[in-house]
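Beneath this line is the structure, given in structure tokens, with notes to follow.
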Amino acid sequence: MNRLFFILMLIGVPLSIVGHVLKWNDIMMFVFYCVTIISLANYIRRSTESLAAVVGDTVGGLLNATFGNAAEIIISFFALREGLNTVVISSITGVVLVNLLFAGGLSILIGGLRFKRQNFNVFKARHNTGLLMFAIAVTFVLPFIFAKRMSTENMHFLSTAFAIVMILLYLLALFFKLVTHKGAYVGEGEAQLETEKPEWSMGKAMLILGAATVVLGYISEKLVGTIEPVGNALGWSDVFIGIIVVAVVGSAAEYVSAIYMAYQNRMDVMMEIAIGSTVQTAMFVAPVLVLVSWLYTFLPLVFNTTELVAMIIAVLMTISITNDGDTNWFEGALLIGTYIAMAFCFYLI
Amino acid sequence: MNRLFFILMLIGVPLSIVGHVLKWNDIMMFVFYCVTIISLANYIRRSTESLAAVVGDTVGGLLNATFGNAAEIIISFFALREGLNTVVISSITGVVLVNLLFAGGLSILIGGLRFKRQNFNVFKARHNTGLLMFAIAVTFVLPFIFAKRMSTENMHFLSTAFAIVMILLYLLALFFKLVTHKGAYVGEGEAQLETEKPEWSMGKAMLILGAATVVLGYISEKLVGTIEPVGNALGWSDVFIGIIVVAVVGSAAEYVSAIYMAYQNRMDVMMEIAIGSTVQTAMFVAPVLVLVSWLYTFLPLVFNTTELVAMIIAVLMTISITNDGDTNWFEGALLIGTYIAMAFCFYLI
Amino acid sequence: MNRLFFILMLIGVPLSIVGHVLKWNDIMMFVFYCVTIISLANYIRRSTESLAAVVGDTVGGLLNATFGNAAEIIISFFALREGLNTVVISSITGVVLVNLLFAGGLSILIGGLRFKRQNFNVFKARHNTGLLMFAIAVTFVLPFIFAKRMSTENMHFLSTAFAIVMILLYLLALFFKLVTHKGAYVGEGEAQLETEKPEWSMGKAMLILGAATVVLGYISEKLVGTIEPVGNALGWSDVFIGIIVVAVVGSAAEYVSAIYMAYQNRMDVMMEIAIGSTVQTAMFVAPVLVLVSWLYTFLPLVFNTTELVAMIIAVLMTISITNDGDTNWFEGALLIGTYIAMAFCFYLI
């Protein structure tokens, strides 16, 4: 698997640079950029994990929070700079829907085809779905409802205040998970996982992390530059590009991990990737982007009705399926069915 | 109990035919038709169960899916042919509300007056409520939200696509329950139920099924013909008739079974009748009617706000009450209270 | 703790009377009235508990239902008489939000700082959250949705009918808890609590209850008279005063108890105070006020969108956190974070 990402990177990076210099066709370059970013995101993830294994859980958790969605943050940063706020807000919706329904559903389906019933720690799953419900119901729904009765100025103040509250609560959640309640919810008979051996030494990991991030930044900037011409050429809307490009490209490497973990019956890790990373996007990436957007055009965290309803339904389906600590192939199929239904809806408006 | 349905049929069928020929008063005929259909639905249910016991679970499950709501499907079919689409869509709402709140609530109340606490298999109940949530939240709410931003043509395409996705998922759910995970969620100490002895031989069951279906079809057609004159005479709206006539008349025989099962403390069977048959209506009957409606005036699966909110609340109350695998009389009273509150609302608009 | 309330009462009552006669500044008097009411509410609660311990659970439960929210009912009564219906309806919202999110959250947070994990009886908690869901989803949401399609006359009829249904179900819930299912849901190893020794003798309790209620009535009337001048002087809206004054002042004594119980790890009692008293407000106090309002200007139980959404979110967060029978400090922080987010919203509109 990692070999594939290595080859993709080996081909993608030079092609991206050469193609940009020689001004190749926009659509072709768009594809090259996407593939390259997917491969680089894999390197960032692995170097972050190697560092996390060395520096201990607390700093490691913070590292993960910062670099775990590096590709998404970097692409969104350039999109904000270009004033493509619609793309950014749609990409948050996209990550929530794709993580929970498509990646989560596919993992549960594939794992369930191999194992009749797959169990996971229901306390940890509920901790994550509780955070999800907070993120969606409180920090996404409230501004949507109240924004209509507010001046634009107050609405911007509210978005900023909410962003700060969310980041604080996300840091508290890390503190809870890694410090005060580490291991407090380990089930009986469930061994505390040993710290895994890091893949790379600390120096090598930092070198790879730095290099991959710099190259990712360079290519993300180019990618964002092609969004408008590609959108015009193919007739795709900003919303559609946001949901597809930033959401899927930024997280594709994670989806592969989630499915692999489910196939190995390591459902707790799979849940952490699928649900935990959605929490990270909603409670850390989104508010950081709101704060960063003060530099350019302010990005209030106000979704439109269709995006909001789709996210609420995705969270409710996830809660309904993970609430009993047990999954099977049909529950995966139900999540994918939900994803397909939503894809129809977004495609037809 | 079955004797009562026998007598009702013996009186109802000839009266319905004679009355139609002699052009008796519409309201009187309306009552005769309803009573006759209730009695015939009982025969269809019993012959289907006899056949199911003979042909094995898989084919039996499909038989049940097809004939279990035969009365509802047949009445709706004639209503579609007459262009009474409002009646059909309201009848789906009616079945959801009456099954979950009235039949479910009354069963739990009556069972709870006899037994202090009644237990049931929480995995099976959650499987059904998960399907309910999918049916309501995904396939009913999404079209409602997105339809406003779509052309009529796209909306018809969406309804058709959703109908197909729902039928496929319903068949997958049957496959899951009857093939891959048969008995996988049986609780400890809970014996796998032995296959019950069929009431009738295969030949007799097929004969009764055929005869009852034909007569039911004949009477349903007449019944639909009286809906408009009766509505005008009594001042009832299409919505009200849909919620009462098709919903209650089509399922009355089932309600009697549900209450009887609760009284005997067979709560798993009761839940399967009350909740499972709601799932069947939402995920099988409704989409089939959408597909059939292509023959006449297309029936998009778009409910109005009041119907949708009422169904969402009914599902939430059901989940809240069944989620702990334990019921008592007060929970039944709460469901009936919800039903009464809704009846007030629908009566007053 | 009780000594503090004694001192507050000793200072507050004479100052309130003297200040009113001498026509002191409105804002100062407003503060005196609030403090005095908080201290008197403490006496009403304690005398009610003493009486309840003597007269047995059933009558005691009814006493609690009637006098447990005496301060809130009395203030609301005078507000209704003055035609301040907006204040009354907002105060119901305020009690729900403050009880569940602020008092509940602070109790769970403080208890969680002392104990790693706090357990409570999940059946009792679910009984209460089930009632909450009924109160909010059925009796608050339905009129909101249907009122738009109804004449004012029908809407008033609906509100009255709902009020009666709610009071009946609340009495049934008491009957369930105190008579038919007393002790039926006590967990294993969890001792049935012995009846506590009453603090005061029956005669003394009745005397204190009578005296405190009379004085509370006198001061509540004066307090309501200052609402408009204070609102004008400080620029506070009716909604804000409703959420703060009536909600917090009327229940402050209870909040102290809830936090104290959590600190002592008596989570079942804490849940009963925080959630049970919210149920009481929604299912008993609110409908009683609706019925009483026939004497003055009718108060239909129709909230505005922002109030309704805030209450729905508060209930969902409570369910999400109490559903596993286990709390920790982070869950308390999440509830308080929700409360702070809502406070921002209501402050900015």
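Glycine is treated like the rest: Cβ placed from N, Cα and C.
Per TrEMBL, the features are:
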- A:27-178: domain 'Sodium/calcium exchanger membrane region' (DOMAIN)
- A:29-44: transmembrane segment (TRANSMEM)
- A:51-80: transmembrane segment (TRANSMEM)
- A:86-110: transmembrane segment (TRANSMEM)
- A:131-151: transmembrane segment (TRANSMEM)
- A:157-179: transmembrane segment (TRANSMEM)
- A:200-219: transmembrane segment (TRANSMEM)
- A:205-347: domain 'Sodium/calcium exchanger membrane region' (DOMAIN)
- A:239-261: transmembrane segment (TRANSMEM)
- A:273-296: transmembrane segment (TRANSMEM)
- A:302-322: transmembrane segment (TRANSMEM)
- A:329-348: transmembrane segment (TRANSMEM)
Going through A:239-261, A:273-296, A:302-322, A:329-348 one by one, which has the most CB pairs that fall under 8 Å from the transmembrane segment (A:51-80)? A:273-296
Does the transmembrane segment (A:29-44) reach the transmembrane segment (A:329-348), going by 3 or more CB pairs under 8 Å (6 or more apart in sequence)? no
Counting CB pairs under 8 Å, which listed stretch among A:86-110, A:131-151, A:157-179, A:302-322 touches the transmembrane segment (A:273-296) the most? A:157-179
Short question: which residues 6 or more past the ends of the transmembrane segment (A:86-110) have a Cβ under 8 Å from it? 72, 75-76, 79-80, 118, 136, 227, 238-248, 250-251, 254-255, 258-259, 261-263, 270, 273-275, 277-278, 281-282, 285-286, 289, 293, 299, 301, 303, 307, 310-311, 314-315, 317-318, 321, 327-329, 331-336, 338-339, 342
Its residues classified by DSSP, the domain 'Sodium/calcium exchanger membrane region' (A:205-347) shows 122 helix, 2 strand, 19 coil
Hey, which bits of the same chain come close to the transmembrane segment (A:157-179), Cβ under 8 Å, at least six residues off its ends? 57-58, 61-62, 65, 127, 131, 134-135, 139, 142-143, 146-147, 150, 279-280, 282-284, 286-288, 290-291, 294, 298-302
